[in-house]
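If you look up TrEMBL, you'll see 84-134 marked as domain 'Inner membrane component'. Residues or ranges marked as transmembrane segment in TrEMBL: 87-110, 184-214, 269-289, 295-317, 329-350, 370-392, 404-424. TrEMBL lists 300-419 with the feature domain 'Sodium/calcium exchanger membrane region'.
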Amino acid sequence: AALSTPSCCQQHSEEVCESCVVKTTLTAENVVEANKLSNNYKFGFKKWKSHVTARPWEDRSEIVKELYSDLNVIRGSGGSTLTCGNVLYLLLFGWWLSLLYVLVAAVMFVTVVGAPYGQLCWDLAGYFLWPFGKVIQKVEVPKSHQACEAGAGESSALLGGPTPLRWRPRCWVGTGYWRRASTAVWLCLGYPVLALAHGLVCVTAWLLIVLIPVAKLSARATSRVLLLPPERILIRRLRMTEVPLEGEVILCCYRAANPYYYKYAVDGINVFAVNLLPLVLVTLVLGYVDSPNHLTGSAVKFTLALLSIMPLSYYIGMAIASISAQSNFAVGAVVNATFGSITELTFYITALIKGSREGNRCYAEVVKSALTGTLVGCVLFVPGLCMVIGGIRHQEQRFNSRSAGVSSALLFLSVGGVFAPTLFSKVYGKLVCGECHNVTQNPLGHYLCHNCHFDLMDNNGTLYYSHVQ
């Protein structure tokens, strides 16, 4: 199979830009290999393959697809909007956000020139108090004030009746200078306050994860709704018998909470890892700035470090999966064995160096315990846990025999390395016992000894310090 792909359109699978002139022809055994080569022929690996461990989008359920909606789709029947999540939104954000819009509307009316934006804030106060089942649209308005006045008495052909006054597009009082003055007053007095409030709502709802629709609602309101001229914004309450007016739908939200957002991913990264990523910067700043522990204690630093290492380990795992999906088995195994353990290697090396400098053997004991836990966990616990969890849903599971062979060989090497100091101590050491009792009262009989250990310091301390330890 031969596949010809423009060199500057690697990120698009179906569209080809007109400016592409240079093309590269690839030859492969089948279409799958040709597509793989077309994605990787320039640098070997793409920057990120977020879908290597995820199912195709077509096979995902409707619940998962709804997580990635932009809150701009009108559904025929949204059901009741009185849900626990919507009530939670009202208690956490809705009441004070609506009150803030009322205060900003009052300020806009006081400035006189900002009256159109004051009317907009007044309408948005009712919307953000309970935005569910309502829609905000971007509509086209007449170019002149006369056309706006003429359209005030027209009827809507879609709804079959006169348009209610509160649904009509707002008309500017005057043009030119007054329009620019009103926009300047809005951008200086009204928009910064509301943008800050929506930013706080967005961050809080995003951290709560199940309220991510509220975060999307606030982000879209700040970036789209509040930057549009007032006469182009139309706020409507949807009814099941209504046909939506013509115009672009900007916001349409039915639910404030969705428990399935634990599956949400940003560029292939789970939302939990994204939320924990800022802790890395916080941990680094505290570690270097507050070394004497004046601001926080050691327990707080340890907890922050433990939480911040989780997203980094997740990113490393996704990077290894991305490389392994585009390479052969050997490269994937080498990368997994080296770069996959970079976190543990960093910890081991740091602890051993610090223990050597301070002359404290406790660090070496910690490394020994961690190494033992790593061997037991990676060889026994993690594969066993995967088998048990996979067996809950799948009656039959398959594994890679070559991978199991490599893991077994590495296990034997690890066991040999761990037992090498023990063999040295058995061969060159001297057995020393604390107490020995003759069981049979016969000098040639059996003795029962307690507290026995091999002493390497009696005759050959150099061997112990230079090799065995």
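Cβ coordinates come from backbone N, Cα and C, glycine included.
Note that the structure is predicted; figures quoted are calculated from it, not measured.
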Residue numbers, six or more beyond the limits of the transmembrane segment (87-110), whose CB comes under 8 Å of its CB atoms: 117-122, 124-126, 128-130, 185-186, 189-190, 193-194, 197-198, 201, 204-205, 211, 214, 256-257
Ranked first among 184-214, 269-289, 329-350 for CB pairs under 8 angstroms with the transmembrane segment (295-317): 269-289
Distant-in-sequence neighbours of the transmembrane segment (269-289), which means Cβ under 8 A and at least six residues beyond its ends: 50, 206-207, 209, 212, 261-263, 295-296, 301, 304-305, 307-308, 310-312, 314-315, 318
Helix, strand and coil residues within the domain 'Sodium/calcium exchanger membrane region' (300-419) as assigned by DSSP: 107 helix, 0 strand, 13 coil
